[in-house]
Every structure is written in structure tokens, then in C-alpha cells.
């Protein structure tokens, strides 16, 4: 019962805040930014943008989610401005994706595996920072999911596409939402922080992997209960 009460935010968020935060290593966040920037560069190249467009889209994809998270938390400058190393990694990935796009595309399966693992990483960082800033579990869940999908949404908007997370298809936002929920449930139950982190990454990667390789898909709105046509009015 306490878990349910905490998750709906009826008790202070501090009760759901992990007592010992496991800060994910800097290289992991750097890999996340680099992978995101590479995917953004490949996507922009397929849209036949020029060099400037590819670079901008790649950088926004790599660091956009973290920037949106920091803006929502009002935690000062976005992390990629405080630590320019992240921006340099994004720039390097953008350059690689622009020049060696065909070669990088051959490693797409490996990038999908890394991307599935990194969903949980972005969720953990977003949820942890939110709880430590005093947000309730529900709002921390929101920030964690937005931090995870924000870079991809920016990429699609800049390329004039409907954001991928809004279209029927493979799990991404769903995986992030389930992973954030798993973290908050375990944190509220006073599970060790390492267990919260591992479970978050496993849940996100498992759902994303099942969606990609087993064909699990989100459905179109209204498909579960299709609307029937109304009878014609008598004249």
C-alpha cells in the first residue's frame, strides 16, 4: 500500500528518493550522446539535408534529451554546456555519420542493441535527478521519459517528420515508461540502488528488444475498439 501511495505522490518525494545514488559513469553518458548523434546524422542524411543540417540534427539528437531534462528541472545550464566533452562527442559522431554514413549504416544492428540498453540509462539519470531535486515520483517519471525520448522528438521535428514515438510501431516511449515505473516501484520499496538501476536497464532493453526482434508493436489509436458507422437518419 505504501508503494501505491508514494507513486501517486501523496507522500513527500523524499520518501521515494534513493538513499544512495549510483552515479552512472561519465563514459556511459558519453556513449549515449554519441550513439544518439550517430542515429541523428544517419536520419538526416537519408532526408538529404546538407552538411549544416546533418550536423545540427545530429547534435540535437545526441544532447537534446538531456537539455530538455535540465530545463524542466530548472537545474541551471544544460549538462552539455557545463561539460563540453559531451558536445565534442556529439560533434565527432555527427562528423562520422556525415562522412562515413554508408559504413556506419552497416553497424545498424549493433547500434540498435546499444540504443536498447541506453534507454534505461537515460531514464535512470532523469528519474534520479528529479527525485534528488524534490519532485514527486509521478513528475519524476514524466521527466525520465521525456529525457529519454526528447532527442528523437527533436530529430523528427527538425526533419519535418511526425515524431516516431507518436506513430504505431516498436516500443520506445513504452519501454521508457515501463522502465521508469520499475525504478520508482523498487525505490519506493527501499530496494538497493544498484538493483533499481539494473532493473531499469533490463526492463527497458527487454521491451525494446522484444519489440524490435519479436515484432511487438504499439497499435493505432482506436484499433482496439473501432468506431462503428452511425446509422443514417431517416428522411
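Each residue, glycine too, has its Cβ placed from N, Cα and C.
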Per TrEMBL, which of 14-35, 80-101 is transmembrane segment?
80-101
Under 8 angstroms for C-beta pairs, at least 3 of them, ignoring pairs fewer than 6 apart in sequence. Is the transmembrane segment (138-158) in contact with the transmembrane segment (51-68) by that rule?
yes
Where among 80-101, 113-132, 170-191 do we find the most Cβ pairs under 8 Å to the transmembrane segment (51-68)?
80-101
